[in-house]
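Novice: What TrEMBL records for this protein is below:
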- 133-177: domain 'MYND-type' (DOMAIN)
- 411-462: region 'Disordered' (REGION)
- 419-428: compositional bias 'Acidic residues' (COMPBIAS)
- 439-449: compositional bias 'Acidic residues' (COMPBIAS)
Amino acid sequence: MTSTSAPTKIAFRVFSSSDVKGGAAVALGRLHASWFLVLARPDEVQMIRAFRCINFILPDDPTAIAALSAGGKHLFAVGGHLGDTLMDELTSLLDHEGRAPVKVVEAYPEDHPCSFCALVEVLVPDEELIYACGRCGKWEAQFGPRFPRCSGCKSRYYCSVECQREDWKPAYHRGECALLREGKAYEVECRRKLHDNGWYFENGGLGVKSFLAGTGEYEWERAYSEGDWEHFAYGTHTPPHDVPPSATSRPKLSREAVASMDPDVPPPGFISTGDPQEDRTLIKRFRATILGTDPVLPPFLDVFHTPGLAPNIVPEHDIPVYPSLPVPQAPGFVFTGDPLLDDCRLEEFLDEHGTDAERAAYDAVGEQRTACIEARAKLMEGMLKRSRACKRMIAAHSDVVRKSLRAIQRAQGGAERGDDGEDEDEELMSGLKGYGSDSESDSSEDGEECVQPSWRSRISVL
């Protein structure tokens, strides 16, 4: 197995725009052949990090992967069903010095057959991009250490020695390290086919992964109660589709080791949230979990465990399968992997080259797809309804705990409390504030028409 080189000490560069995630800090990131927009810090209760896959790769195009400009900077194309939305977001982002993440090298015609919008050049140095672990898909944390990269190919980054070791197998990095070292990134992508032009469809809106990920209230409370700082630092992962699910790594510290530590000093491996008060609370909860010092409390006094709260997900077997499009008999049609774009392109292709039977088959699949979307919409409606119920449960439980503690105080003659339960209660609730707005408002990924793109007028005055 190859070793890893020392990680850079330079922080990844962050950008923001009032038009992108409400002005949150965003970084430009890479994972295998894909480029992403990634939140610098996890987003609210769902703890989302990567929220856009921004490059579009045509099948059998060796120039689309690891392309470089004459000046040696990365190039990639933006397009597909969400192409104009992605370009609007990309061209609106600026860092604190007014620098943009990309420059438009070429704007394609609006009637491009594959909905390509533009070829862009990356203006961010490699060391200031954000990277995900090549194995588990964990993105670097804003206040955590930068990931070391493989010393052989210098293209894959790993969050830990364990992930690098697990990835050193013929089917994974061991079989591609030499190819990457030789500059054969296209051959590597052909081996594993990790890039997904339809990433937006599977991970947003009514995609399968949205249902499997759930709405996060239970996981948030669990992480908070246990002091799981990794959950708050790293958020959700973006693992390659061919990597089997694995448990998220947790700090491996023994009870004896934790007992010997100064309670006011962060444990080894601790990653700050950027808020000193939150850090102190997480450290306190971590110590209590490892040492088992939490008293056994009745539910009406236990702020950390809301009775009846459970993971809010939809099992995969309950999610209707989105039907595949029929393959036309006439040559010349190439599926891009973008489901909504391919749907429109195939309809046009069959109108010109298809048979009556093929057009009938296409119409039948269209009806099945419509039924699937309607069924998924009902499932999502149920998830969001349960999410609101979960928040009400947490709020009601917190109110019960607060009133119970005050009643005990009054019964004891107004004596000061001997713990920080009320402060912790307030902080627990603050993490749930405002959750749910993004999931319910982002309708562009469900196939609705995008607004008139503004990026074309924006680049015309650059």
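Yeah, the Cβs are placed from backbone N, Cα and C, and that goes for glycine too.
What TrEMBL says about a protein is an automatic prediction, not a curated fact.
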Novice: Excluding the flanking five residues on each side, which residues at least 6 beyond the ends of the domain 'MYND-type' (133-177) place their CB within less than 8 Å of a CB in that stretch?
Specialist: 1-12, 14, 25, 29, 31-32, 38, 40-41, 49-50, 185, 188, 191-192, 233-235, 237-240, 242-243, 246, 248-249, 271-274
Novice: Over the domain 'MYND-type' (133-177), what is the model's mean pLDDT?
Specialist: 96
Novice: With DSSP helix as H/G/I and strand as E/B, how many residues of the domain 'MYND-type' (133-177) fall in helix, strand and coil?
Specialist: 11 helix, 4 strand, 30 coil
